[in-house]
Every structure is written in structure tokens, then in C-alpha cells.
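Q: Pulled from TrEMBL, these are the listed features:
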REGION    A:1-20  region 'Disordered'
TRANSMEM  A:30-60  transmembrane segment
TRANSMEM  A:66-89  transmembrane segment
TRANSMEM  A:101-122  transmembrane segment
TRANSMEM  A:128-146  transmembrane segment
TRANSMEM  A:176-196  transmembrane segment
TRANSMEM  A:226-251  transmembrane segment
TRANSMEM  A:263-289  transmembrane segment
TRANSMEM  A:295-314  transmembrane segment
Amino acid sequence: MSDTTTEIGEFEENTGEPEHRTRSRIWQGVFWVALIGFLLIAPTLFYPVFVMQLLCFALFAAAFNLLIGFTGLLSFGHAAFFGGAAYIAGHALKVWGFPPLLGIAAGTLFAAALGWAVGSLAIRRQGIYFAMITLALAQIVYFFVLQMPFTGGEDGLQGIPRGHLLGFIDLNQPLAMYYTVAAIFLVGFLVIYRIIHSPFGQVLQAIRENEPRALSLGYNVDRFKLLAFVLSAALAGLAGSTKALVFQFASLTDAHWQMSGEVILMTLLGGMGTIFGPVVGAFVVVTLQHVLSGIGSWVQVVIGGTFIACVLLFRRGIVGELARLLKINSL
Amino acid sequence: MDPMIRLILAQGMLGLNNGVFYAMLSLGLAVIFGLLNVVNFAHGALYMLGAFLALILYSYAGAWVGLDALHIGFWPALILAPLMVAGFGMLIERFMLRRLYKLDPIYSLLLTFGVTLVLQGLFINFFNASGTPYPGMPESLRGVVNLGFMMFPKYRLFVIIFSIIVCFVVWYIIERTRIGSRLRAGTENPELVKAFGINVPLMVMLTFGFGTGLAGLAGVLAAPIYSVSPLMGANLIIVIFAVVVIGGMGSIAGAVVTGFSLGLVEGITKVFYAPAANTVIFLLMVIVLLVRPNGLFGRQS
Amino acid sequence: MSTTTLIKPMLKIENLHAWYGESHVLHGVNLELGEGQLITLLGRNGAGRSTTLRSIMGMVDRRTGSIAINGQEFITKPAHRISPDGRIGFCPEERGIFASLTVEENLLLPPMVGADGMSIEELFDMFPNLANVRKRMGTRLSGGEQQMLAIARILRTGARLLLLDEITEGLAPVIVKTLGRVIRDLKTRGYTIVLVEQNFRFAAPLADRHYVIEHGEVIDTIEAADVEASMDRLNHYLSV
């Protein structure tokens, strides 16, 4: 049933032509410059807290894209890693008194381990079942978060201290906090970029294009999928832990299935299988939520409608369409 | 009777009562998946829609047409609401899903997820998010019956029996009638069925309507038991996904049997360790994935 | 086109092109046959013979040109109208027996397309083996039984134009012989038949005319009377 699989994050694979490649490089360079420029000046233009929220979600979406866009796996349970890590990081910072970076590392590590457990179960089935299994497993995590004594139940985990970075930089200073988050985002994003362009990433894309062929070429497809899943979960955890530190708060919504849906939307809207798409998608969705926060639960209707419109009319996403207009293969 | 056994039987009955909804919803999902290769995320939302339609027909529809005294009751709703849900489902199929059949099936999952959010958001705006009780339970089904080991609500007993009949009729139609044989043939090789002169696009639309109508029917049945709330389908659909991962979507009978059994298991779990009751189905899913990755009734892929 | 058909054509295909996705499979096929005639489509695997039949049935992604049946244009019809409007019965490659249907359900699956289809009894007379396995699941039949079922299935519907794709493939000689008798019988009953065949010895005595297809085009047409004289050419076309 999965042999009809087509065009997840579809791109014409004619990377052969050198002019194409140069054009791709140039435009990628433009995006990198724009991104770094934005990171540097953003706090002068917007509320730092808002930008930090953007960056956490952008990293989350980019991590998610590693799976859907570059491996062809739809996880419907990524909120478990994002939210789960937020709770663990929050607990480590608040109760165990971890310094900020160590707390974030704890959350990230937890997400990686959880990703390994969820991933090794989910890869036993393919295609659409994979999505259903990840969703169901994430629901177990949600129930745990709801019921464990340390999570604060419905109220969430509150009062997480920001602490001092490396012992001397006070993260209660907004700009210190901001540049820390920007650095974490950039490191996470670079890691993802490196993964995509490594030989490992090439194999992942081969699996996405045609799993049976990758299998017949002798690749241990399951191991590649699992590793991709763990990496994606860990990076989602990094984003979740950072968010907990920024907002000093880990909440149930971070672990809820609706969050898993939102990260899918960000990636889809920005462009599955593109490099910068998830970042753009996250920016658009988060901004939209801010702008629309006055209309209450109509936001959900708007989000749902955007989903429908994207799937029906706009499957390449913003950056994917842009890449098509610019006639380049990867952006 | 040993009180322990009595307790198990009682919780088993209540579990079976939840199993009704697992069975009917996973049955509809399986029927749709068989022919369309679509996993309908909106199935839970359409169940919610069915329940709301029953509520609206009883409490609001009369006033909307200027007849304040008119309450369209449970029995008419049992027919009308599923038909309306089926009609809504067919519109979704005709104007949205149909454009996605040539693509990876995850796109139709995402589309129906979007539909879920829209439906949920709309009902949250217009109705109380924490639920509204359905006042239209028929007089004849009020009260309790003595089952020997417990006093059981008459209505719930009706729901169990009624849904077993519905599931059996659906199974019979699909496995034993001419129309069902067309459906099965369409599941295997729609192109050839079309070449034989059967209007497959129409059959697909009707099948989607039928599957979603079943969800609507389950919603009407649920309305008098649980309070009617915009989120009633959201958590259910995730349990249903676990049910179909356990049972596999390849078999109609498998979906029904798995649904009822898991309801039972969930109920009995309450006796022994109550906090695990809402995760036991997910844990069973994990075990099934470890032992029989293709599901209990799944075909070897 | 050197055909000397005196009967008006029942099926006339002109300049038929067909595509699967992006790949262009047929490049302008022309052929025709009159009522009651039997033609074969010969050629190597992948030449486009099956695709010609599938194009007639609307089972390709895109097709252009003209397919006229009794003078009526069929190229624009939706796939599910082709069989009933043209009274066509299609027997696909690898038989197309449905695994989840019993023999009887398989037999009853295609809707009637004409009033004078064969009755179940007649069909069981023609294919006695099938009578004993009515309730068995479709795929639990031997290859020969499956093939007979596939033919019986379209005879029941009242189709008058039969498109038969590789019906002898992989079957034992004795069954091939039976099928030969069946086809001859159908021809005397006035059915019009297009036969895609690999087995020329099976097809030769049945056909009025042979079309040789290569690279999605008809490259040669050989009337039954000229077969003897054209053996060298034919051997050349069909040698692998």
C-alpha cells in the first residue's frame, strides 16, 4: 500500500546542472544572511519574548521537518518530545537546581531517550500507521504529564528559575536571555543543516524517495529511520527545554496533540523538505496566533482552515513555492 | 455472588458500553480506509457533530423555525443526524479528499485533521466547551434493569444491543451482499471495477458518507450518556487510532471485535488498577506492536 | 491501411495515443474490426498490446485520438460508462480475479451491459469445472479455473465485444486447447473479439487478421489468408 507514495516535500532531483547549484547556493546564502541579520537586530524591533517564542517554535518545526521533509515519516506525536523535555528541563532547573545549560541538556537528553523508545515502536509499521502510532504513544506521555506528581497537573510546572548562564550571565536580563536563545536556535539549526547535507542525510532522502530501493541497495532502513527519529526528537526537546527556560513555565498545552498538529502546520505552510521553510512557517503561525489572540477559539478555526488550504492548494509551502519561482532545488 | 466477580461483571458492562463507541468508530474508519486508503482524522469530530445535531434537533431547531414547542426527539434524531453527518462527509469527499487520492495518504490525514480543528473550533464558539447534557432521552429508555449482578441503566443496555445489531448488519452488507462484493472488489482493484462499468467515484463518495454516517450514529447514541461537548471526539479519536493499530484495518469483523474487547478490557482494568484505565489500550498497542507488528487481524504486508 | 473489410467496422481506432503519468506509451495506433470478427494483437512484451486494450477501457492516465464503437466516439467517455455503452467485456492480463470474493461473487460482479448475456447455467455448461467451486474464494482456484472464471464473468453481462488479454499465459496445454474451443465457439455465436496473444499457434487458426504492434504503433497488418506467405516476417517480429 505504500508503493504509491509520492512527493512528500517534493523536489525535482536534477541537482546535476552546475548553474542550478550555484543559484541554489546564492539564494541559500541570501537566506542565511537574512536569518542571522534578523537574529541580531530582532530585539530592537520586537518584544524579545515574542522573538524568543518564534525561535523556539522555529527550531521545533525544523526538527520536525527532519522527519517529514527529509525522511518521509509523519510523526503525529512530536508534542511529547517538545512538552516532555520542557517538563524535565523545568524540573531539573527548579527542583534539582541545575544551571541553565545543564537543565536544557537534561530535557534534550530525555527527549532523545523518549524518541528512541517511541521511534523503535513506530517504525515497525509504515505510512499512515506510523502517524497513528506516534499520536497514540504521545498520548501516553500526555497522560503521564497530567498525572505525575511533579508536573503540577492542570496548572503546569510554574516558577522555573532562569538562573545564571555559565555562572555569571544573569538570564533575567532580557537581552542576555535573548542572545542565549538565539545562539541555541542557531546551533540547533546548523546541526539540522549539517545532518541534511551529510551522507547520512542523503540516505534519509533516498529512503523518502523510494524505501524499497534504499532497502535493496543494502541500507538498514530501520536503523536510519530510528536514528533520524531520535535526532528529530532530541532537537524538538532542545526547543521545548529552551521554551521552558524562557517562559519559566512548562504547560500541558506543550504536550497536547494539538501542539503536534501545530508543528505539522508550521512545516507544511513553510514548505516540507525545504531548509528554511519550517522557520518561515513557524514565524507565520506564531505571528498569526498573536494577532488573532483576541478572537478566542476562532483561532482554531483559522488554523484548521489554513491546514485545509495548504493541503489542497499549497503543498509546496511558502519557501517551496519560492524555490520553484526562483528555479532552484533547495532552499 | 462473590463481590469481586460482581464488581468485574459490573465494570465489564460499563466497559462494553464504551466498547460500543470504539467498535462503531473503528468500523467506520475501516470501511473508509478499505476503499479510499484514507485515515479519516475527522471521524471523532463527526461523532461529536452527530451528538450536537441530536442536541440541536431537540433543543434549538424548533425555535429556529419559530416553533418553540417543537422538540425533535431521540428516535427521529437517530435517523436524521447520521444522514446529515453522512451528507457533510460526502461533501468533504467530493470537494476535498477527491483531489488527494493520487498523493501520499498522509495528505488526506492532514486534510481531515484540518477539518477536525475547524469543526471543533466552531462548536467551541457556539456551545459550552465543558458540555451540555442532552435532554431528549426517550421515556421508554429511562430507568434501570436488574441484570442479576447489578442495576444497569436501561438506555445503556439499549445502546449495547442496538450497536451490536448495527455492527452485524454492516458486516453482513459488506461480506454477504452484492453491493458489499462491489465494495470489496473496489478495495482490491478499483480500476478494474470501473472498467466493468461500476461508477467507482460515486461508490467512493457513498462509502465515505456511510462511514461518516456511522460516526454520526455513534454520536447520537453517545449524547444521552456523556454530556455533549465540542471536545468529546478529540480524545476518542486517538483511542480509536490505537484500537485500529491493535486490530488492523484490513478486516471489518476484526475492527468490531477489537473495539468491543478493548472496551471490556478497559472496564475491567478499572477494577484492578483504576489509574491505568485510560492508558491500558495504549499499552496494549505497545505490546501488540512488539509481538505482532501487523496487528491482531492485520494481513502480512 | 490495406484492410478489405466489407462489413462496417464495429470497433475503429484511429491515431490512439496513451500515457501512464509522464510516459508516452502508445504512439498512434490504428486498427479496426467488423462485427463477428476476431483480430489478434501480436508483438513483444511491452510493445503496447495490453495498453491498447486498457486504453479502450479507459484504464490509462491520458489518451487521445479516436475510439469509435458502432460509429459512436468513446475517447471522451468516463471509464465506468465504456463497458455498458459499448457492450464491452474486458478480461485483463493476469485475469483480475478478486481474492476477497467467492467464485459466484466474482461471476456476478460486473453489471449487465446487454439483455442477452449467458445465464449462469449456460456458463457452467461451458465451464463445468466452475460449477463445483461456486463458494470457493477467487484466488483458491487453479490458473485455468481462474481464466475460465474471468471469461465467464464477462459473458454473463451480455457484452458483444470481448477484449481478452493473454488468456493462455502460463496455462497447461490441455487447458489452452479447451480455451481454443471456447473462443471458436464464441466466434460462431457472433461475438466480436480482440485477442492479445503471445502464443501465435493458439491465435493463428482463430483470427481473421493480425496486427503487429511495436513501440506503441501498428507496424504490420496480416490477413488470415496471407499468414502462410508471411511466416518469415512474423517470425522476425515475434522472436525475442
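Start at 1 and count along the chain as shown; that gives each residue its number.
Cβ from N, Cα, C; glycine included.
TrEMBL annotations: computationally assigned, not manually curated.
Give me the local environment of each listed feature.
A: Proximity of distant same-chain residues to the transmembrane segment (A:30-60), defined by a Cβ-Cβ separation under 8 Å and at least 6 residues beyond the stretch ends, is recorded for 78, 82, 174-175, 177-178, 181-182, 184-186, 188-189, 235-236, 238-240, 242-243, 246-247, 263, 266, 275-276, 278-279, 282-283, 285-287, 290, 331.
Long-range contacts of the transmembrane segment (A:66-89) within the same chain: residues 5, 8-9, 60, 103-104, 106-108, 110-111, 114-115, 118, 122-123, 128, 130-132, 134-139, 141-142, 145, 150-151, 157, 160, 192, 195-196, 201, 204-205, 207-209, 211, 224-225, 228-229, 231-241, 243-245, 250-261, 263-264, 267, 271-274, 277-278, each at least 6 residues beyond the stretch ends and with a Cβ under 8 Å from a Cβ of the stretch.
Away from its own ends, the transmembrane segment (A:101-122) comes close to residues 75, 77, 80-82, 84-90, 92-93, 130, 133-134, 137-138, 141, 163, 165-166, 184, 225-226, 229-238, 240-242, 244-245 of its chain (Cβ-Cβ under 8 Å, at least six residues beyond either end).
Long-range neighbours of the transmembrane segment (A:176-196) within the same chain, counting only residues 6 or more positions beyond its ends whose Cβ lies under 8 Å from a Cβ of the stretch, are 36, 39, 42-43, 48, 51-52, 55-56, 58-59, 62-63, 65-66, 70, 100, 104, 162, 165, 169-170, 231, 235, 238-239, 242, 246, 275, 279.
Non-local neighbours of the transmembrane segment (A:226-251) in the same chain are 49, 52-53, 55-57, 59-60, 62-64, 66-67, 70-71, 73, 75, 78, 81-90, 93, 100, 103-104, 106-112, 114-116, 118-120, 122-123, 151, 156-162, 171, 177, 181, 184-185, 188, 191-192, 195, 200, 204, 263; each lies 6+ residues outside the stretch with a CB under 8 Å from one of its CB atoms.
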Q: Who are the chain neighbours of the transmembrane segment (A:263-289) in space, where the CB to CB distance is under 8 Å and they lie at least 6 residues beyond its ends?
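A: Non-local partners: 8-11, 28, 31, 35, 53-54, 57-58, 60-62, 64-65, 68-70, 74, 76, 78-79, 82, 189, 193, 196, 208, 236, 299, 302-303, 306-307, 310-311, 314-323, 330-331.
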